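Here is what TrEMBL records for this protein:
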REGION    322-366  region 'Disordered'
TRANSMEM  38-56  transmembrane segment
TRANSMEM  65-85  transmembrane segment
TRANSMEM  97-121  transmembrane segment
TRANSMEM  142-163  transmembrane segment
TRANSMEM  183-206  transmembrane segment
TRANSMEM  227-252  transmembrane segment
TRANSMEM  268-287  transmembrane segment
Amino acid sequence: MSTSLLSALSRRQEMSPELCTFELCDIKDSYYGYRPSLPANIALTAVFGVSFLLYVPQSFSSRRFLGFSIAMILGTACEAIGYVGRILMWNNPWKQVPFMIQICCLTIGPAFLAAAIYFCLSRIVTTFGRDNSRLPAAWYPRIFIPCDIIALILQGAGGGIAATADYDMDAANLGKNLMIAGVVWQIVILAVFILLAVDFAVRTMLRMKSIGLGALDPQHAMLRGSFAFRGFLVALSLATLFIFVRCVYRIAELSGGWDGPLMKEEPLFIALEGAMIGAAVLVLNAFHPGRCFRIWNDSKDEEKEGQISSDENFSQQELIAGRRQPEVSYAPVSQESDGEFHQLPLSPTTRRQAEVAYAPAPQVRD
């Protein structure tokens, strides 16, 4: 960006941005060289605003995925604020404050969304079977979240420096380079994440071919077969792909500098930045992980009830076999001449256990 931003800043140096109007200044001398589209940016602001409003109640209804929800709330808030900045630039493309708002918020917003995605892989591994993964399930967020924080810091610092550089070319260059470094690092993290997810899927399928359903965790069979969970897997895959495409575009855009050809093409920006991130947040709104993993909780409750029933049956079998005494308190029992038992009122199950446990042993005749 040795010449591109310098030329843009030098042009602005000849005028006062606060005094610029469409009658006095050339639109080519504005930050982006064009007037942002009002309908497109209003539409994107609405998309991210609605998504934000949906994630807030979803965070309360699914505490198990609170980290995911918080990251999505922060990401959608940044995106909505960023497009508000672009709406303000429609009124005056030369003003610095709206430019600072949109460049900072739209730069760091996708990093929060990527962090939300990283929270999910450990749950997926647990659902299918921990033995199919190269890494322990708990390691995925522990590895990727700190790495994403580094990307967030680099992009945020770079965006802030570039937005406030004004006429300082060294600061502008530093900001641009930090932004590129942050986005490149984010792409590397996403690529590794995708490779590990694909590796887990392949290993799961190979183990299923080898040992059948024994490769899968039987406790979560109901969850794996649900429409919500399958939809969530598709939504998570699409969201990851959309964010990856956005990052590739962002690197190409920034590499050309502020006067580069991609920086001046708003239709490309709307399609590869706004639409990609908008689609990512909406598909995850529709298939929020808290919705499908609620089925996990229901199936665990059913399995717990089944286990209790199984334990009761096993206890009765042990009582019949005489291997242990019943772990309940019974009312006094006495056997009369007619062979009937007389005791205080008990539940049918407890009565049967008492009758079996205290029945006299059969007489063995010589």
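Here the Cβ of each residue, glycine as well, is placed from N, Cα and C on the backbone.
TrEMBL labels come from automatic prediction, so no person has curated them.
Contact between the transmembrane segment (38-56) and the transmembrane segment (268-287) is supported by 3 or more Cβ pairs under 8 Å, counting only residues 6 or more apart in sequence. Across the candidate stretches 97-121, 142-163, 183-206, the maximum count of CB pairs under 8 A to the transmembrane segment (65-85) is reached by 97-121. Long-range contacts of the transmembrane segment (142-163) within the same chain: residues 96, 99-100, 103-104, 107-108, 111-112, 114-115, 118-119, 121, 135, 171-172, 174-183, 185-186, 189, 193, each at least 6 residues beyond the stretch ends and with a Cβ under 8 Å from a Cβ of the stretch. Distant neighbours of the transmembrane segment (268-287): 37, 40, 44, 47-48, 51, 54-55, 58, 72, 75-76, 79, 83, 106, 109-110, 113, 116, 228, 231-232, 234-236, 238-239, 242-243, 245-246, 249-250, 253, 262; these residues of the same chain sit at least 6 beyond its ends, with a Cβ under 8 Å from one of its Cβ atoms. Outside the transmembrane segment (97-121), and at least 6 residues removed from its termini, the chain residues within Cβ reach (under 8 Å) are 31, 65, 67-69, 71-72, 74-76, 78-79, 81-86, 88-89, 140-141, 144-145, 148-149, 151-152, 155-156, 158-160, 162-164, 179, 182, 186, 189-190, 193, 196-197, 200, 236, 239-240, 243, 246-247, 273, 277, 280-281, 284, 289.
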